[in-house]
Structures are given as structure tokens and as C-alpha cells.
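Participant: The structure is given below, and queries will be raised subsequently.
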Amino acid sequence: MGSKGVYQYHWQSHNVKHSGVDDMVLLSKITENSIVENLKKRYMDDYIFTYIGSVLISVNPFKQMPYFGEKEIEMYQGAAQYENPPHIYALADNMYRNMIIDRENQCVIISGESGAGKTVAAKYIMSYISRVSGGGTKVQHVKDIILQSNPLLEAFGNAKTVRNNNSSRFGKYFEIQFSPGGEPDGGKISNFLLEKSRVVMRNPGERSFHIFYQLIEGASAEQKHSLGITSMDYYYYLSLSGSYKVDDIDDRREFQETLHAMNVIGIFAEEQTLVLQIVAGILHLGNISFKEVGNYAAVESEEFLAFPAYLLGINQDRLKEKLTSRQMDSKWGGKSESIHVTLNVEQACYTRDALAKALHARVFDFLVDSINKAMEKDHEEYNIGVLDIYGFEIFQKNGFEQFCINFVNEKLQQIFIELTLKAEQEEYVQEGIRWTPIEYFNNKIVCDLIENKVNPPGIMSILDDVCATMHAVGEGADQTLLQKLQMQIGSHEHFNSWNQGFIIHHYAGKVSYDMDGFCERNRDVLFMDLIELMQSSELPFIKSLFPENLQADKKGRPTTAGSKIKKQANDLVSTLMKCTPHYIRCIKPNETKKPRDWEESRVKHQVEYLGLKENIRVRRAGYAYRRIFQKFLQRYAILTKATWPSWQGEEKQGVLHLLQSVNMDSDQFQLGRSKVFIKAPESLFLLEEMRERKYDGYARVIQKSWRKFVARKKYVQMREEASDLLLNKKERRRNSINRNFIGDYIGMEEHPELQQFVGKREKIDFADTVTKYDRRFKGVKRDLLLTPKCLYLIGREKVKQGPDKGLVKEVLKRKIEIERILSVSLSTMQDDIFILHEQEYDSLLESVFKTEFLSLLAKRYEEKTQKQLPLKFSNTLELKLKKENWGPWSAGGSRQVQFHQGFGDLAVLKPSNKVLQVSIGPGLPKNSRPTRRNTTQNTGYSSGTQNANYPVRAAPPPPGYHQNGVIRNQYVPYPHAPGSQRSNQKSLYTSMARPPLPRQQSTSSDRVSQTPESLDFLKVPDQGAAGVRRQTTSRPPPAGGRPKPQPKPKPQVPQCKALYAYDAQDTDELSFNANDIIDIIKEDPSGWWTGRLRGKQGLFPNNYVTKI
């Protein structure tokens, strides 16, 4: 049922172009190539979503798509999946309704490799559920927390990698908890394996967590002073990888979003200040370097100790002591004693980095706990879980973190394989349908290789064993691990070793892991000395982040990072198994992160390892389409009189009647207990074709008539209102009197740098690039914007100083409030010049769309002043100048514009001293009105007159040519200047005096920024043993030996090549880009030819093209 209680068939909402198939179950040929080709067709037409049954495939567009607004939310709310094109909102709505109706917990598993768009998909699901669910003030508060948790956790947990500019470096399972009525009244976040090592080291070309760069870019002057914030390259930790800026990330703006998120979640201002204090403290901690003195470590420059000690509220000397030495407990003969051990340079650097990593991890845990406390509820009822976890990834050097990340992805792949197959199997059994199981690669063998406890032990068990037996030994542990792996699992088909590590044949391809640091990172133990140091802080907040009981914690073996992630992964699997699962399979189309860039081999590789072909086969399993009887009857009821408008009888018999009415063979369908199953896509297309024949004719007649009526009424009214302003007062131009009004001739949606000058909620009535003449009558380009309140003139200037020096940026040249306009002056001739008279000074402008502009200005003027806009018509116009205090043109003064009868439709301008002479030929008579021509477009040949097919206007001049002989400046967008930043942070909570910020040390050899030696790891990975397994379980495609029929030869038609880009000025025209090839259908002496481009037929100016 629709939202208003009236059933709407899904064809009613398909007012969109179709590209490929929406559901790949309906592909006539199931091969990896056909799947890739279908995804490519849809991707190139900006359809990023495709179904495989109930599974949603999402291809990352690397740009903002237009179909995520209020209109789409309303369209998908309460609608069945097949009623609208594939969309993530359909899946989110299905989850939400199933939870309410079935009273079952739901979850969505979002999987895909790094950079495939998983985090964005999770955001859309949470925002949709937040939007469609009801509730009062408390519920709205929970919704706000749910939405604001994303920017906060992204700031502290996301980073730029070589594969993804906003890569999640932690896993997150977000449970949105609901009341029985469906209102979100609570929530819970479980986070997994934050990649804290990113704080102190990362691959070349990557960044640390976003918050460090946000703080440096967005902090106020007061914050920068108190936190010791300076340039990014001052901090050793940030300079490691040589990457500071990201093209599509505005760190300054996102810093404000992070602060706002902390406010919404309820983190006190004092705690916010301390969180930022720790972030800055980590940066300053990294600047402490060490030198070797007698084989031991000493701080190279002690002045670098002062600021981190100050920010963390600890004693400077104690910090120095704990970084260069360690207390070790020793037992001998039943007695224990503490030994003071001095560290070497390598150990001191490790200790410093361990403290920095621990501080960031503890702050991250504090933020997660704060979010959970803000959403906590007494008891759980129903929930929807959203799993957004790090994607499968391969880097130049893959360490322990990548090993854990890829293990979790193996577990998720296993869930997908088992649950989709299990759910499909159960449906056939319940409906009494026979089916043949589909073979597939089960990656359980890889999961067991990693996590098995015994017989044989898995990699994680061997790793924990080595860490336990060599707990006090740092050197040689990694090589011992490698030797044990070779000895115990070296013969495993999904495992290989090499001199510095090992290789796992994952489901997504072979990954080579470097053993360096494996054991140390798995131990993940923070030295007691560092905990004692942080517990000595005079800041209670920092103390609270280290709550360990040091005496109690000395007993027992500490839990390793590997065992933690293994337990978290298995707990996650158990949680997901208790929910009704939904799936989003994200695909990354390229490594360039650019829209419309399609790497065929990369996509095909993902299609293969995600098992999409097997998924389609399982879904079809002999029957490509299935639908419950009621829905099937509703959809195809129009096919027979007996079923329309409703079937009177048993639903199953009604379905059988419909199938027999289209003469479908009995072996092409089967009726289950509650559903009809149709075998081949062609049989379904037969039903669709029959239905279309019934509806199509009626729909076209209604649509055509209605559009014709509305368009004619709208355009006639607009043209006549505009024409009345000039009627009997000014000659009209032949090429504009009958044109349609567009309003936006700049494309404001694509130019946010212009929107910054307009109020947030101001509607832009008119936008055009016009010519503005100065006191010397020299023409310059200005963007003219008209809103209900103001008129704006925007120009461009080079920045002369500051960080943006030399860049050309938009500048607001003039802003006139509508009510301050005194009058508008025009000539009586057909020119496009007019003068805006304002109290201070006038503006002399020229616009080919002057009539449209003046009609809109007149409306807004009347709304504001309750008076009509004064329009003055004369062939001698007075121009009042702006007062200046420089040069020979000082003072205000005036100028005069005189109009004379000339020749042709193009105005000729001749400035002379203080007078501008304008000559132009005669136009249409002053009493001319727009003709009431048909607004519907005729795209074929017509036997009528030329005027029926061609506009009454001259073909436009090619780009670069101005009608007055002046070269036009091309419109070039530039990034807007960054706005000012606010700060509401309080002062630091420490009794220490702020130390001076030490000068940056000269870069030593171990601090040189790295550059990637090779980008081979970005190539499609070797599929390994998993790929071989997939090939052996694949069945041959049907009719594999038959050659394809030869395509029909295309008809030969004359063609032309576009010399310049052209934007259609009317609804019957073609838009095209330079170098486009256009089929010529008809040439006309008027200069307007008829052509066809990309399936669309229309008029275009012949002076913009050349024949080929």
C-alpha cells in the first residue's frame, strides 16, 4: 500500500531511464563478464545500486549522487523492493519494516575492500532509519547522537590510506535499539581493533588519524597558543609519511563538525578541551628524540620534554626517566625484587611510541563509552545492527594489523556464504520446490588456517604460543614464529612462506605479510612504568583513562591482541547469527578515486571473489523469479478481465489463471505453498511485455496530454508577463522573444563557491554571467545572482597575500537589497543593455536574458515594496558613477549611453570620452508578443512549415565571440576561501605554566619522509589457491560453444564533429561537448540543423560543428 492508503504499482514510479537490469538474477547469461558488463552500464549511467535478489550491490561512484534527498526517502518509505529502482533506502526500509512486523532483530552486513564505500553506505542507512522513524524529544536526541557519532568516530578512527581517503581504521557494529512502536530510543556501539600503530608509523603517502590534521587546521588562535599548535611538518609523527592534505577533505570545517558532535553527545566542554590537549600532547610526544650515550639512550634535546609534560599534566623529569629506563620485576629463590634497566635508543623510541599509541587508543575508547552512555537504555527490545568494518586490504608492506583486518573479512565472507545458501535452501524446502545445490568456494578452510586451536593449530594459536614462551625476549621472536609456521602448517595449500614472512591465499587474493613486529604487536602490553607515569598526572581526566590496578594486574598472562580480535570476531558472528541478515556488497571500480573511471580487471576480480556469480545461481536455483501469490496478482491483474480489478477466488488459482492466459509452458513455472516460481527470465519478460502493452498506450496518452497542457500554460504565462514589461516600449530580438525561461544559466548546483555569497535559505531565482561596464566602458565578466532579497554581482580576483597568494578566487563586488533599487533604464531598441539605478551609484550591465531577469526582478520588487518597478525607456541614458579618490577619474560624476539606428542584430559599442555610442539594427516592432507555439517537441520530420520545426532565432555565435566584438571570459570555478573559525574551548586544566615551544630540530636520517618505492600492490592481486578453487567449482556457461550472431550493420548517415561545447537554451535543442560526434538528420538554411546524439534528437547550431 502507498503512504496514502492507495496501492501503487511499481511501474508508476519508474519514470526513469533503464540501464542494464535492476536485478542480476534476470540476466539471460550468468558469467563474470555479463555481471561486470551490467554493473558497468549502470555505473556509467550513474546507477550505483543493483540487486541480486535481496542482496544489494553498491559501486562506489566517487562523487555525490543526487538521489539521496527527501523525495527519495518518501518514495522508498513503505514501498516494496520491486516498486522502485534499486536503492540502499529500499534495503533500509525493508529492515525497519521487518523488525516492526516480524518482531525480529535485523542486521546489515556491509562488505567490500578498502575504499569501496562501506562507511558511506552505513551513514545512509542510519540517516534513513533516523528520518522515517517517529518519536518525541527524547527519541530525537537519540537520533541526533546516532547521526553525530559518525563524524566524531571518523575523526579519531579514520585516516587517508593509499587506497582510500577516508578509510576506517577500526571496526564498528552499531546497534540501534527501538521501542515496540519502532522509535529509536537507545543504541550501542561495539568497536574492534583500532589501528593505533597509525599514530606512530604508516605507509608512505598516507596520513595519521584525521583529528591531528583537523586540530592544526581548525584550532582558534587561543587554542593554538595554549596547545602549542604550529605547522604540520613541525611534528615528527605527521612528517613520517609526507602527506598532509587530502583533496576532498576540508580539515578546518570537519574540526568544527567534530566539536559539534562532542556537544551533541554530551561531552562536557572541560572534557573536550582535555581530549584536544591529549591529541596535541601525542604530537609533541613524537618530537622527543634520542641519542646514544655509552650504549644507552638519552634525550637528544630536553626542551622537547616540556610541552608534552605540560599538556599531560606530568612531571618533566619523570617523563624523561620513564622514556629512557624501565623497572623490571625479578624473582629468585621465592624473593622478588625490582631492577632499574636503562634502555637503548631503539627501546626508548619504542617506549615513546607505545605511550603515544596508548593515549590515542584510550581517548578513542572514552569517546565510544561516552556515545554508549548517552544512548543507554534499561532493557533491550528490538534492534537493527549496522556492521561497518574495515575492508579487505593489501599494501606494499602488510603487517599484523592487515592480518587481523583480513581475518575479520574472511569471517564475514563465511557468514555471507553460509547464510545466503541456508536461507535459500530453507525457502525451497518450505515451499516444496526441488532444487540442485550450487557448488561454491567455501572459505572456511582459510578461517581454520588462521584461527584453529589444534590439529593443526592455526596461525593465531602458534603466534600466541611464541609470544608466551618468549615473553621477555624481543629480538628473534618473529623469526622463531616464522620457523614454527613453516614447520606446522607449511604444507597447507592456502599458506606459503618467504624469507621475511608468509603468504595467505585469502578469498580475495594472495597477501604477503611481513613478520617484522608481529609478536610485539600481538603482545600489545603497555609497560607498568608508563601506566604509573600517567596515573601520576595532576589531571583527573587523564588519570581516569588509566584505571589499572597495578598490583592485581601483575598476576596471570595478559590477553594478546590476536586472541582479542579472534574472540571479538566470533562474538560478532554469534550476534549476527541471531539477527535476520541483509547484505550490501560494495565494489570499488578503480584505484584513482575518480568518478566514471572503470577498471575492468579490478571489478571482475571483486565479482569473482565476492561470489556474485554463485550468488545469482543460488538465487535462481532453477527459478529466477519468485513472488507471493498476492503480490503477483496485484502486479499482473491487468492481463485478464477475470483478475482486474481483483480476483474473486483462491489466490493460487488466480495466479494459475494468469500464467495460462499468456500461454506460459507448464515446465516454466511451479506453484509452491505461498509463492509462484518462474524458471527463466524470458518467461518473466513475457509477462512484463504483456503488462506493458496494456499500460503503455494509456500511460503515454495521459502523460503526453498532461505535460503538454502544463508546459504550454507555464511558458505562455511567463513569456507574456515578461513581454508586458516591454510592450510598446522596446523593440524585441528575434532570437529571444519566443524562448523558454530557464532561470539558472550558470548551473549553481555545480558551483558552491558562488552559493557561499547567498544566504543559506535564499532561493536563487536567476543566475547568469553578464557583462558589466566600468567608467571607461570597459567590459568585465560578472556573475549576476537574483534572490527574493538581494541582487549579487560576483567577480574574480587574484589573492595578493596570505596562504592563497596567486590563486584566483570569487569576490563579492556588489550586493544590492531589492528595496534599494530606484529604477531600471533601457533603450527603445533591441539591444541587451540596461542600467540598474541605486541610491549610491548605478551599474551598467548587458545580458542576453535581460527580459527574463527584469520580469523576475519586477516580481520581487513588488513583493518587497508593494510598488511596481520603475522602468525607464530612452535612447539617451544617464549613468551615475561610484565616487573614487584616485587618478584623473576621481570623484563620482556621470556618464551617458546614447543609442543610434545601425545595421544587424549585433550591437556595436564605441566609447568616446564620457559617452558610450551604441548602434544596432532594427528589431521586431515594439508591439511584438511571443507566439503561442506548441511547447511539445517534434523530433521527427514534419510536413508543416519551417517554423513548426525550427526556432525563430538566429544560430548563436561560437564561444569566444562577443556580440559587441569583445572577447568573452570563460567561466572558471575556483575553490571558495575558507571561512573564519570559532572556538568555545576553555583554558588548560593544569597548574603548570605554559612552556615555550622549542624550534623544530633539523631532520635526522631516521626522520626523512618516505616515498613509495613501488605501487605494484595497487594492482589486482593474484587470486591464489582460492581463485583456483573458484575456477574448479564453476560450471561451464550454457551454449558455450555457439558463436554470437553478427550485429546488424549501422545505417550510414552524415555526421559532424562539435568544435565547441553547447548548452541547450530551449527544450527542443541538443546539448553537447567539444569533440562529440553528432548524426546529421536534416540540414536547414536557418543555421539550425536537426541531429541525434546519445539517443536524443534535437536542434543544434551548425556554426558550432564541422562535417566529417
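Numbering starts at 1 and runs along the chain as it is shown here.
Any Cβ shown, glycine's included, is placed from N, Cα and C.
Sharing the feature lines straight out of Swiss-Prot:
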type	residues	note
DOMAIN	19-692	domain 'Myosin motor'
BINDING	Gly112, Glu113, Ser114, Gly115, Ala116, Gly117, Lys118, Thr119	ATP binding site
REGION	581-591	region 'Actin-binding'
DOMAIN	695-724	domain 'IQ'
REGION	919-966	region 'Disordered'
MOD_RES	Ser980	phosphoserine
REGION	993-1053	region 'Disordered'
MOD_RES	Ser1002	phosphoserine
COMPBIAS	1035-1052	compositional bias 'Pro residues'
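Buried or exposed, and what's around them? Tell me for each listed feature.
Facilitator: Mean pLDDT for the domain 'Myosin motor' (19-692) in the predicted structure: 88.
A coil conformation is recorded for Gly112 (ATP binding site) in the three-state DSSP classification, outside any helix or strand.
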Participant: Within the same chain, and leaving aside Gly112, Glu113, Ser114, Gly115, Ala116, Gly117, Lys118, Thr119, name every residue whose CB is within 8 angstroms of the centroid of the CB atoms belonging to the recorded ATP site, in sequence order.
Facilitator: Asn60, Asn164, Gly391, Cys586, Lys588
Participant: Within 10 Å of the Cβ of Glu113 (ATP binding site), how many other Cβ atoms are there?
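Facilitator: The answer is 26 other Cβ atoms.
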Participant: How does the domain 'IQ' (695-724) divide up by DSSP, counting helix, then strand, then coil residues?
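Facilitator: With helix first, then strand, then coil, the domain 'IQ' (695-724) has 30 helix, 0 strand, 0 coil.
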Participant: What is the number of residues in the region 'Actin-binding' (581-591) that are helix, strand and coil, as DSSP sees it?
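Facilitator: Helix, strand, coil within the region 'Actin-binding' (581-591): 0 helix, 7 strand, 4 coil.
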Participant: Are there any residues in the same chain, six or more apart in sequence, whose C-beta is under 8 angstroms from the C-beta of Ser114 (ATP binding site), and if so which?
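Facilitator: Result: Thr161, Arg163, Asn164, Ser167, Tyr390, Gly391, Phe392, Glu393, Lys588.
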Participant: So how many other Cβ atoms are close to Thr119 (ATP binding site), meaning within 10 Å of its Cβ?
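Facilitator: For Thr119 (ATP binding site), the count of other Cβ atoms within 10 Å is 23.
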Participant: So how many other Cβ atoms are close to Lys118 (ATP binding site), meaning within 10 Å of its Cβ?
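Facilitator: 27, counting other Cβ atoms within 10 Å of Lys118 (ATP binding site).
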